Amino acid sequence: MEATMTPTPLLDRVAGPADLKGMGDGDLARLAHELRREVINTVSRTGGHLGSSLGVVELTVAIHAVFDTPRDKLIWDVGHQCYPHKILTGRREAMATLRQGGGISGFTKRSESEYDPFGAAHSSTSISAALGYAIGREMGMPVGDTIAVIGDGAITAGMAYEAMNHAGHTGSRMFVILNDNDMSIAPPVGALSKYLNEIAAKGPLALFKAAAEEFESHLPGPMRDGARRARQLVTGMPGGGTLFEELGFSYVGPIDGHDMGQVLATLRAARARATGPVLIHAVTVKGKGFAPAESSADKYHGVSKFDPLTGEQAKAKSNAPAYTSVFGNALTDEAARDPRVVAITAAMPSGTGLDIMARRFASRVFDVGIAEQHAVTMAAAMAASGLKPVCAIYSTFLQRGYDQIVHDVALQGLPVRFAIDRAGLVGQDGATHAGAFDIGFLANLPGFTVMAAGDEADLVHMVATAIAHDEGPIAFRYPRGEGMGVDLPTRGVPLEIGKGRVLREGTGAAILSYGAHLAEALAAAELLEAEGISVTVADARFAKPLDCALVDRLVEHHPALVTLETGATGGFGALVLHHLANSGGLERGRAIRTMTLPDRFIDQGSPAQMYEWAGLTAKDIAATVRQALGRVVAKPGLRVV
Ligand SMILES: Cc1ncc(C[n+]2csc(CCOP(=O)(O)OP(=O)(O)O)c2C)c(N)n1
Ligand SMILES: CC(=O)[C@@H](O)[C@H](O)COP(=O)(O)O
Ligand SMILES: [Mg+2]
């Protein structure tokens, strides 16, 4: 393939950032060109976050050329754009394993490289981390400069302002590079995005204020003159110019983030002169240099394997609808019936399936930007106003809104509906994106109703249940990807709160499943049946209120009970044990086992691989049942005991 055979003579000379130091500016620009091809070629074979990585190629080369990493700490916000950085920092070969089981992570990760000083994957943490390192340096730790690269999407989150507010106060020397490509995963929303567009529209180097004026004198002639003229145009602006300056930062920019000359000159000037916090505003293009990415609506934010010439992506193999679209369609149906239904996403309209509802009811879907905390509190007040808000947030990102869930929703008993996608292990995004903790952290809250969909049809019913439930907060979880392909009901019917269902009756043992691993529970029952162990499989549906009568029945009629969930310890199984301990159920002499995610973070792989590592496959479930029954089956070659 032509693209894969493109020669890379400069990149071939780069074993690490030190090799960039001897290169002239022209070579650095050529290196960026080679690096971009390399990113396209490698990601075409693995899939991953392509568009964001292509947008920071010049920035990456320039930062490593100008700064002294790893002593200087380069911190990528989210880290999904770090592929060029990985290639330049000794991981070029390892890129073939990107996001694969046993391979390198799709994000920055401290354990992976000394060039990754701070792990990421959840957004908007970089400025706090850069400030933490800067304070470390000020207190005598072996740290050089600190540089945070944050996108225009990530900088919508409150945490970025908490950090800038503090950095403006400490006055610490640090650099924030705002990578403004006018895109989040979806087009960015909000007043801030509009504001950044207005600044960018003033043209290159239009605003050089405060300490930045000092940098100006260190720029090469033509840039200096342009900057000075531009600055004169804006002098007299009240308060010194940009929002960032009001927060105590020197603002430099906007610069063209793909013009290597401009980027290098700006970074060199900033590095030479900065005494306090500096924000460099670089305007970039998401998907830069790869026409299919640049011209697509999502700028190839996240792609599967693709043809590096045409950009055509590999298609999903399954024909079953994804849980996300089942949810999106079911919610749209509910919204059509009840005008009080509104939905909220934190910058993930397509990932959550709310784009489906937005196509019919645009004014009732609210994209709040990367602002999960705000999303939850706003939803609480929407509920208080009489609306029926559905907060659709991935399990892993809901963690960020936890105090709001406790304080604003649960304590006030407000009927916010939480649609929790990406429950359980998600695959290539790895541990940072696993939906591991929501069962435990919601079911421990007084007044919360907590459900998990056993299959896609049940998800439709759970959407209906949540919409009908006005008595307090309610949540339902479901996994990433396709379901079992079961027939979907034409209309969701509210479930009886706190009632599970039995799918298969047996006498030898019982499996009580909570959530979409129901399919594995059924498969385990088949395996056991073949060995003569007849198994009851029940779907709890509710972690809270727990169907205690069902639990008691299973314990009474079976010598062994195994609970199953795709969540961490302290979740559904713990609630079952809690009930049995307090009701005397544990004294009946039954063997009880809880199957949860193990007490460790599980790195990326395919979901099937990850569940294998977690010990949650159908075979593992069957083995746990056997073990509970005292029927230990030996591995081949070993004596049966
Ligand atoms: C707390 C949190 N919420 C949501 C996400 C999902 N997410 C990952 S990247 C992204 C968009 C980031 O946009 P931007 O910072 O502009 O970077 P770009 O992709 O444009 O380079 C979002 C919403 C996340 N990683 N973390
Ligand atoms: C970087 C990030 O957080 C998102 O882009 C995430 O990778 C999306 O995950 P899904 O593919 O599951 O929507
Ligand atoms: Mg962006």
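First residue shown is number 1, and so on along the chain.
Cβ atoms here come from the backbone N, Cα and C positions, even for glycine.
Any TrEMBL annotation is an automated prediction that lacks curation.
Since this is a predicted model, take the numbers as computed values, not measurements.
So that you can see what the record holds, here are the features copied from TrEMBL:
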- HIS80, ALA121, HIS122, SER123, GLY153, ALA154, ASN181, PHE290, GLU372: thiamine diphosphate binding site (BINDING)
- ASP152, ASN181: Mg(2+) binding site (BINDING)
- 321-486: domain 'Transketolase-like pyrimidine-binding' (DOMAIN)
Annotated binding-site residues HIS80, HIS122, ASP152, GLY153, ASN181, GLU372, filtered by Cβ under 6 Å to ligand 2: HIS80
Sparsest-packed among the binding-site residues, when each Cβ's other Cβ atoms within 10 Å are tallied, from ASP152, GLU372: ASP152
Candidate with sparsest Cβ neighbourhood (10 Å radius) among HIS80, HIS122, the listed binding-site residues: HIS122
Separation of alpha carbons, ASP152 (Mg(2+) binding site) and ASN181 (thiamine diphosphate binding site) (Å): 7
Sequence-ordered binding-site residues from HIS80, HIS122, GLY153, GLU372 with Cβ under 6 Å of an atom of ligand 3: GLY153
Packing count at GLY153 (thiamine diphosphate binding site) (other Cβ atoms within 10 Å of its Cβ): 30
Taking residues HIS80, ALA121, HIS122, SER123, GLY153, ALA154, ASN181, PHE290, GLU372, which bind thiamine diphosphate in the record, the widest Cα spacing (Å, whole number): 32
GLU372 (thiamine diphosphate binding site): secondary structure state under DSSP, collapsed to three categories: helix
Confidence summary for the domain 'Transketolase-like pyrimidine-binding' (321-486), mean pLDDT rounded: 98
Distance [Cα-Cα, Å, rounded] between GLU372 (thiamine diphosphate binding site) and ASP152 (Mg(2+) binding site): 16
Cα-to-Cα gap, ASP152 (Mg(2+) binding site) vs HIS80 (thiamine diphosphate binding site), nearest whole Å: 14
